[in-house]
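Heads up: the structure comes next, in structure tokens.
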Amino acid sequence: MIADEFPTPSWEERFPEPIKFLPVAFILALIAGLWWIYVTCHLLPMMQESHSRGLAWLELLIFHAVTAMLLVCYFLCVFVHPGTIPDKNEDPSWEYDETEGPQPLATDTVLSMQESKRTGERRHCKWCLKYKPDRCHHCRVCRMCILKMDHHCPWIYNCVGFRNYKYFFLLLLYTSIDCGMIVFTMLPSVRAGTTPTTPFMTMFLLMFGETLAGFLGVLVTLFLFFHIFLMQKGMTTIEFCEKSQGSSGFDSSAYDRGFVGNLVAVLGDQPLLWLLPVAPPKGRGLSFASEDSRLTKDMEAGRGIRRHAHRETPVAPKRRSERPYHCGGTGSTGQSEDSLSGSGSDEARSLEPDLGSSRGPHGREVQGYGATDDAGTGSRESPK
Ligand SMILES: [Zn+2]
Ligand SMILES: [Zn+2]
């Protein structure tokens, strides 16, 4: 499934600390525990009664199908690497030469890049000594740069990024369905289990399973809705956190490709396979500039720049490192070095002003839409 065209780091590089597999073991134990409770305390007793046997078989079938999908997605989340910057042998153009210092964006690079530092230089990672593609961030835990990094998730001992985001999204979806199914279909068994004739252990397991599935279900479903929101905005969790601290609002993602385009960017370009853990989005995860996104971006960026110009010109730009992330999720988004380090190699990066700075060379492309200088006048509708 994982093509060789994407060389991934070795097992030792990816999983240097076996102790960090403990959360993974915990999740697997949770899944196994809930499965066992649902089957032995709910499905098997139902099958012994002739009037509920048919329903029990139906529930057994659906429950196992959803659980199988959940497990496949979970293993893919753990073992599919989100992708990192190509190494020297593969593509030397990403190598950063410390002696030369950061270089300004080359014209051909500008065409394919949307993000740069405020100074107009290419973003680079001081740990990996590589130039960073758009949406790429360094993860402290993984000790490498992650393409289209969303967040680092300790529960899968992996980062969520370009190549495993689809599996992560589907994992949330199937977990929500599975927990919801346990909660609602097991309710009659829980009620029946409260009679005094029920053995204590059965009663305890039913209550425990119902509570645990309910708790997990609510948590994961909320998380799923958050990621549906992000998907529809064409944003990653890190970009959401950046926006939540900025002044540009959540409607100006540079990577918004419209309703279907955003779905395709996450779930792949085959609608029939959207809900299956196969056929992730195509591409290398190194460039996200498409014609659609660029046109949208230019319009939106024009407004963004204007806002920035009004609000930020009189004062020195705030450094992102001064404002720690307060972002939701599994609480691990802040592992991105970009957000935590005070080194200044990257904190000054900001999407909106740089969108403007990178527009020059392709201003020609958007002239049909009124060119970039007009974009900020608000007189034209975004082509969304
Ligand atoms: Zn790095
Ligand atoms: Zn990571």
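Using N, Cα and C of the backbone, Cβ positions are placed for all residues, glycine too.
What TrEMBL records for this protein:
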- 21-38: transmembrane segment (TRANSMEM)
- 58-80: transmembrane segment (TRANSMEM)
- 120-243: domain 'Palmitoyltransferase DHHC' (DOMAIN)
- 167-188: transmembrane segment (TRANSMEM)
- 200-226: transmembrane segment (TRANSMEM)
- 299-384: region 'Disordered' (REGION)
- 336-345: compositional bias 'Low complexity' (COMPBIAS)
Ask   = If you run through the domain 'Palmitoyltransferase DHHC' (120-243) with DSSP, how many residues end up as helix, strand and coil?
value = 72 helix, 17 strand, 35 coil
Remark   = Long-range Cβ contacts under 8 Å made by the transmembrane segment (167-188), restricted to residues 6 or more beyond its ends, are 34, 38, 41-42, 59, 62-63, 66-67, 69-70, 73-74, 76-77, 80, 150, 153, 156, 160, 206, 209-210, 213-214, 216-217, 220-221, 223-224, 227, 231, 266-267, 275-277, 280
Ask   = the transmembrane segment (200-226): which same-chain residues, six or more beyond its ends, come within Cβ distance under 8 Å?
value = 30, 33-34, 37-38, 40-42, 169, 172-173, 175-176, 179-180, 182-183, 186-187, 189-190, 193-194, 328-330
Remark   = Mean pLDDT across the domain 'Palmitoyltransferase DHHC' (120-243) comes out at 94
